[in-house]
């Protein structure tokens, strides 16, 4: 049996649907969770879906994924631009890591164009709104089945 795909969302994503919907869309994080669970289920895989505004909690979940996940999808949000500690945690993984962003950071402010997480990511999906998560699930599935 394939281990679940862990999906982690960083700070402020609990406000998805109400915070800057012109950038991040109108779907809530619960909507995203439902879509990810359905997409994964269609491939015979389950999802562990979590969100935290706290860097240390995200790092603990990355450590947990070392043993319990087949792949990790992470939307680090603002921590992608600032957290070397999160990068270091991700570098301990031997499973596929897919970095996921709702918007396209390369088309936004200069400070958003670099993410530390990308240095540990197998691949990046960005700019497709809530569908970025589903596309990341598909990418993860493809990598664990390869």
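Yeah, the Cβs are placed from backbone N, Cα and C, and that goes for glycine too.
There are 11 other Cβ atoms within 10 Å of the Cβ belonging to residue 19 (site 'Transition state stabilizer'). Positions annotated as site 'Transition state stabilizer' by Swiss-Prot, on the basis of sequence analysis: 19.
Sequence annotations record features per position, and here Swiss-Prot assigns active site, proton acceptor to 24.
Among the features that Swiss-Prot reports, substrate binding site is placed at 75, 81, 88, 102, 103, 112. In the three-state DSSP reading, residue 81 (substrate binding site) counts as helix.
Residues annotated as active site, proton donor in Swiss-Prot: 101. Cβ environment of residue 101 (active site, proton donor): 75, 80, 124, 125, 126, 127, 132 lie under 8 Å away, each six or more residues apart in the same chain.
For residue 103 (substrate binding site), other Cβ atoms within 10 Å of its Cβ number 17. Following the DSSP three-state reduction, the secondary structure of residue 88 (substrate binding site) is helix. Residue 88 (substrate binding site) has a Cβ environment of 13 other Cβ atoms inside 10 Å.
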